[in-house]
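What Swiss-Prot records for this protein:
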type	residues	note
CARBOHYD	Asn87	N-linked glycosylation site
CARBOHYD	Asn129	N-linked glycosylation site
CARBOHYD	Asn157	N-linked glycosylation site
CARBOHYD	Asn188	N-linked glycosylation site
CARBOHYD	Asn235	N-linked glycosylation site
CARBOHYD	Asn242	N-linked glycosylation site
CARBOHYD	Asn290	N-linked glycosylation site
CARBOHYD	Asn353	N-linked glycosylation site
REGION	362-372	region 'CD4-binding loop'
REGION	383-416	region 'V4'
CARBOHYD	Asn394	N-linked glycosylation site
CARBOHYD	Asn406	N-linked glycosylation site
CARBOHYD	Asn458	N-linked glycosylation site
CARBOHYD	Asn459	N-linked glycosylation site
REGION	659-680	region 'MPER'
TRANSMEM	682-702	transmembrane segment
COMPBIAS	723-738	compositional bias 'Basic and acidic residues'
Amino acid sequence: MRARGIERNCQNWWKWGIMLLGILMTCSAADNLWVTVYYGVPVWKEATTTLFCASDAKSYETEAHNIWATHACVPTDPNPQEIALENVTENFNMWKNNMVEQMHEDIISLWDQSLKPCVKLTPLCVTLNCSDELRNNGTMGNNVTTEEKGMKNCSFNVTTVLKDKKQQVYALFYRLDIVPIDNDSSTNSTNYRLINCNTSAITQACPKVSFEPIPIHYCAPAGFAILKCRDKKFNGTGPCTNVSTVQCTHGIRPVVSTQLLLNGSLAEEEVIIRSENLTNNAKNIIAHLNESVKITCARPYQNTRQRTPIGLGQSLYTTRSRSIIGQAHCNISRAQWSKTLQQVARKLGTLLNKTIIKFKPSSGGDPEITTHSFNCGGEFFYCNTSGLFNSTWNISAWNNITESNNSTNTNITLQCRIKQIIKMVAGRKAIYAPPIERNILCSSNITGLLLTRDGGINNSTNETFRPGGGDMRDNWRSELYKYKVVQIEPLGVAPTRAKRRVVEREKRAIGLGAMFLGFLGAAGSTMGARSVTLTVQARQLMSGIVQQQNNLLRAIEAQQHLLQLTVWGIKQLQARILAVERYLKDQQLLGIWGCSGKHICTTNVPWNSSWSNRSLNEIWQNMTWMEWEREIDNYTGLIYSLIEESQTQQEKNEKELLELDKWASLWNWFSITQWLWYIKIFIMIIGGLIGLRIVFAVLSLVNRVRQGYSPLSFQTLLPAPRGPDRPEGTEEEGGERGRDRSVRLLNGFSALIWDDLRSLCLFSYHRLRDLILIAVRIVELLGRRGWDILKYLWNLLQYWSQELRNSASSLFDAIAIAVAEGTDRVIEIIQRACRAVLNIPRRIRQGLERSLL
C-alpha cells in the first residue's frame, strides 16, 4: 500500500512537473528575440558631403572660356527621377545648409581658377596723376553730364621692355575705381591710386572670358541623396510633410547680384517671405516672388578701347574716349513693380502685424550694397534703385499712399554706372573688367528681393524696409532653401525570432575526438586569438585606404594647376572615390559579421530589452525604419560590436572543430604528445572509477546505518578453511551453508578492478532501466491523455458542427418562411389594389344608378 501511494504521488509530481516545464518552454520561446541584420533599409541621416555638378553647358554657350567652367560638369540626366516619400516628415533649415556654403566656395574657386592665366595688374598700384578729361576741342562745355564727369584722365609710369626704363602712359578710369591719395581738391590735378591697392590683389579678366551664368545642377554621389521639400508655402525652416528624394537639384544660375535676385525660380502660389528671424532687424529678408518682373538694361556702342602696355608681355585694356559713355540704364515696368511691391508689403504687414509698410533706398555703404550691382554682357552695372524703393503702403486700405515717381510714366528708369574694378565674391581679390566694344543689351527677370528692416519701436504701426545684399550666400539660399543632403544608411538591425545556426562550444564536445577519448582540451586557442587580430587588421586596412584617398585628394587640390583639373573635376573625383569608400565600408562590415552577399542576415546575439522594450508586432507593424533607427540610434554601436564579437567567436569555434580532424590520422596516434594525452586520460578514468566506488560505499553504509546495521570492525578475520574430513555441506545439521558464514574475499588488484567495474555496470544498468521504465510510463500516460484529449476535441468539433448545421438550417427555414409570408402579403396587397382599380367603373355605374333612382 505504501509503494502504491508513493507511485501515485510520483505520478502527480510528474504531471505537474511536465506542465510547468511546458509553460516555461513556451514563455522562453516567446521572449527569445535575436538581432537580425538588414542591408538596404530606407534610413538616412543628415550629412555633409562633396557634391558634383551636372550641366548642359553646350546648349547654352558655345564659348569655351566661360567663367563658370560648366563644360567640365557631367551631362544632365534626360529623365530625372523624383521619388515621393509617403508619410515622411523631415526638418529643413535653409540658414544652416552646407549646400549653400559649398556653392559659395565653388563660385569663389571658379572665379580664382578662371582668372589664373589672366594678366596681373599689380604694376598699376602706383601713383596716378588724374584730371577731368577734356573734349577733343579742348573745352568742357556745359553739356557734359554728371556721369561723364565721373571719369578721370590719368597718367602714370610703367616699366618698359628694359626694366631700368620708365614710360609715361595715359588711360581713362572711372571715378568709382580710384581714390585720392591726398585731400587737395582745389586744383584739377590730384594724385590718385586704384581702389583695390590697399585691400586685395587685382587681375585683369582675359579677353575671351565671359560671365554669362549657365544653370548648374548639384548632384549627390552614390551613397547619398538630396531630399526636396515640395510644400508650396514652405518658408525654408521647420518640418516639411511633402518630401521627395532626387539625385540632383534643379538648374541654378550662379547670378552674382545685390538688392534684386535675377533669373531664379518663382514661388508657386503666393509671395513667400524667408528670414532666419523676422523680428531681428540684423537678419536679412528674402522675398520670393510668385511673378517675375522684367528688367531690361542697355549701354550704347562705343569704339573706345585702347591697349596700353604695362610691362613685358602685359597689356592693359582701357577706355580711349568717353564720347558717349555714361548712358547705361535699366527699365522696369511701373505696373508690374507696383503690383510686386504691393504683394510683398501685404505679406510683410501680415507677418509683422503692421499696417504701414515703407520702402526706402539703401542707407549707405559700399557701391555694391547701395546700388543694384550685376553683370550685363561683360560690363558690371551699378544701378541706382532709389526709384524702386521709395513708397509707402497702407495695408489696411490696400493702396499706395505715396510714390516718389510720376505715375504717368509707364516705365521706371534706373540710372546705372559702370565699374571696371570689381570686388570678387569673397572680397579677397579684385578683378579688372576691360571695356566691351559693342552694344550691350541684356534682359533679366527679377524673381526675388533682398531686404533689411530698420527696426525701432515694437509697438509702432509703421515698418521701414530697405534693399540689402552683399552676402552672396543669400543668393544661393534663395534657390537651395528646399534641399538638404542626407547620407543613406543601408545597414539596419531589428529583433526577430530567427536565430543563426552556429557551431557552439557545447556541441563541439561531441566530436570525433570526444568519441574516442572522452575529454578534450580547447584546441586552437591561438588561432582564435589570431582571428581577432585579423578583424582588427581588416578595419585598419579600410582606414588606411580611406586615409590614402584623402591624402591623394589633398595632393590633387594642391597641384591642380599642374594637373590642369577644374574645380568640377576635383569634385567629380571626390564623389567617385567617396562612393567607393562607402561601398567598401558597408561590405567590410557585412564581411566581419558573416553576412556577405545577404540582404537579411540572422545572428546569435540575443536582443536586449533595454535597447527597446517594444513588442515584435509593434515594431514591425507600426513603426517605419526611420522611427526605429531614431529609437535605437544610441545603441547601434554596441549592437555592431556584439555582432562582431559573436561572429569572431563563431569563427573560432569553427576553426577548433576543423582541428578535430587531426585525430582521423592514425600517424598522429604514435606522437609522444598524443601518448601523454592518452596517459592523462587513462589516469583520469581510473581516478573517476575509484571516486565513484568510494561514493557508492559511503552511500551504502549510510543506508544500512539508517536501517539499524552496525558496521564491523576493521580487523575482520578471514574464515578458516574446513578440513578434509569435514567437507562443506556434510555437517550434522545438513542442508545449505549457513548464512552467517563469511565468503572468500577477493585477492589481487585485477580482481578488485573487475569487481568494481561489474558492480558499477550493474548499478548503472539498474538505474538506467528504472529511468527508461519511468520515461516509458510517462510517455504512455502522456500519449493516453493526449489521445483522450484529441478524441474529446474531435467529439466537441463534431457536436458544434452539428449544432451549427442545425442552426443554419433553422435560420434558413425561418428566412424562407418569413420571405414566403411577406411575398404572400405583397401579392395579396397587389391583388386588392388591382381589384379596386378594376372595380372603379362598376362603382361609378352603381353610383349613377343609385342617383337616378
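Even glycines carry a Cβ here, placed using N, Cα and C.
Sequence features annotated in Swiss-Prot and their locations in the structure.
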{"residue": "Asn87", "record": "N-linked glycosylation site", "Cβ neighbours (10 Å)": "8"}
{"residue": "Asn129", "record": "N-linked glycosylation site", "Cβ neighbours (10 Å)": "17"}
{"residue": "Asn157", "record": "N-linked glycosylation site", "Cβ neighbours (10 Å)": "14"}
{"residue": "Asn235", "record": "N-linked glycosylation site", "Cβ neighbours (10 Å)": "17"}
{"residue": "Asn242", "record": "N-linked glycosylation site", "Cβ neighbours (10 Å)": "16"}
{"residue": "Asn290", "record": "N-linked glycosylation site", "Cβ neighbours (10 Å)": "15"}
{"residue": "Asn353", "record": "N-linked glycosylation site", "Cβ neighbours (10 Å)": "9"}
{"residue": "Asn394", "record": "N-linked glycosylation site", "Cβ neighbours (10 Å)": "16"}
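According to DSSP, the region 'CD4-binding loop' (362-372) comprises 4 helix, 1 strand, 6 coil. When the alpha carbons of Asn394 (N-linked glycosylation site) and Asn157 (N-linked glycosylation site) are compared, the span between them is 59 angstrom. When pLDDT values are averaged over the region 'V4' (383-416), the model yields 74.
According to its DSSP assignment, Asn129 (N-linked glycosylation site) is in a strand. When the C-alpha distances from Asn87 (N-linked glycosylation site) to the glycosylation sites Asn129, Asn235, Asn290, Asn353 are tabulated, the minimum falls on Asn235. Annotated pair Asn157 (N-linked glycosylation site) and Asn290 (N-linked glycosylation site), C-alpha to C-alpha distance, rounded: 54 Å. Annotated pair Asn129 (N-linked glycosylation site) and Asn235 (N-linked glycosylation site), C-alpha to C-alpha distance, rounded: 53 Å. Classification of Asn235 (N-linked glycosylation site) by DSSP places it in coil, neither helical nor stranded. Distance noted between the C-alpha atoms of Asn353 (N-linked glycosylation site) and Asn235 (N-linked glycosylation site) is 18 Å.
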